[in-house]
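Asks: My questions all concern the structure below.
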């Protein structure tokens, strides 16, 4: 398909540009790694004081964190739309996007990708293998496929929420601080939801379904059968939220007012 | 000839929120908001045929950009009909934009960090242009615009004139039958401007490309367009040949005198009191400009009287420029038809 070949053309161009700025790339990967390490230390510190948290052990928590990193890194590589309003609406770059024969959202994904973030996938896998071997988890032949499916679902949940928020820019270009706040809320998804109260749990499942990025899909691999329904809902929730987001986007484009001049 | 652009009663309104003044006003704004509706484009209609080069002019805020953005599918019209290249630009955007080329003078189509030819390659992919067509067509474009030596430089290292030529080439990668140019010569020096005009004429002749051009630089329009569409406050106030505009407005001539010694207004007025003359002071006391009717007896009469009474160093007869005509039209707010 055309879109796939356009995608690879962009990736090729991206790598070429990035390789000429090698130092930048190393710094970026290093700061990502540091950020992930800090989060891991936080979990270790909490479990320095207790051995179980609402029935979840330290290694299980670490496993969930490792899993979370995978869809999150994929999201972070391809959906850098947190500054969409500033970059595309206020500065009028959307004009340029709209004069090209490719879906506008896809173009923005291509223009804003940051493939360095994919390094987080490796970190995530390493963390999962470490925690998984401590827990003595068994892996069947079909588990890698389920893993891929659940990861895609999780990444779509994230993408759906952030694209929906970005579309606000089509209606109002005033500054909001909603994006950084949402990144914070997103972090709650990597801890087991049953440590929160009911309202927060409900919100994280059905309204801002960040729980489908970390704890729900991980529970399948942790063989926590009471959560299996939620685990297998992950791709469905991801798809639904992503489709809602794309629909909102398409409506938003018709409301685009353009920048002055 | 078929219509490339067909616009009927096109209208665009923007709803904007006007804030009340003061802290009390800000609190009231939280609950009830005052909206004002501004009509940027007010029921305009026109058609453009294949192969035409049309100048689209108007002051800032006259609705030029807004109407161009509706014609290119960027904005959705509030009301009215737009058909461009047989399509509705907004409804079939992705298919439609393959048939147009767009250059916005103040906005770049090219990627800042990568070499010009890499930008071209990405655009070639985006527009899905076959290799063979690309080779033949782009070779010609690159040669005419003389950008061969710039192809391996990153865009950020190009001068404005170099960049603008590359932008133009980028807009033509898919050889579109219709080209929109919004201020393509803004900030460019005369040589680059000439080169760009020559190039536009050439593609218009060679491929029959229809061109719609907005610009503040009327010399662009004089050099390229036979027809102008003039907008004021969202309405079309003139649509017709540039020549007619000149004939109906440029009725007078100006005579510029440069005297060897300073002259005063009263003195000159007394000298030419038999004729209808408006005197204006030039750059110094030595230079005076007389605006008169385009009538031979008046012109020679004025020159005769003045040269008989005063020593002059230089004398010029000027036609009123298009720029002045346009300024006059905006001052009067309507176009006289002959």
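Placement of Cβ uses the backbone N, Cα and C atoms for every residue, glycine included.
Here's the feature list from TrEMBL:
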| type | residues | note |
| --- | --- | --- |
| TRANSMEM | A:33-56 | transmembrane segment |
| TRANSMEM | A:62-82 | transmembrane segment |
| TRANSMEM | A:115-133 | transmembrane segment |
| TRANSMEM | A:145-171 | transmembrane segment |
| TRANSMEM | A:199-221 | transmembrane segment |
| TRANSMEM | A:227-251 | transmembrane segment |
Asks: Using a Cβ cut-off of under 8 Å, list the residues of the same chain at least 6 residues beyond the transmembrane segment (A:33-56) that approach it.
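Replies: Sequence-distant neighbours of the transmembrane segment (A:33-56): 62, 64-65, 69, 119-120, 123, 127, 192, 194-195.
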Asks: Given the transmembrane segment (A:227-251), which of the listed stretches A:62-82, A:115-133, A:145-171 has the most Cβ pairs that are under 8 Å apart from it?
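Replies: It is A:145-171, which has the most Cβ pairs under 8 Å.
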Asks: Who are the long-range neighbours of the transmembrane segment (A:62-82) in its own chain, taking Cβ under 8 Å and residues 6 or more past its ends?
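Replies: That would be 36, 39-40, 43, 56, 108-109, 112-121, 123-132, 135, 137, 150-155, 157-159, 162-163, 166, 179-180, 183, 186, 189-192, 213-215, 217-218, 221-222.
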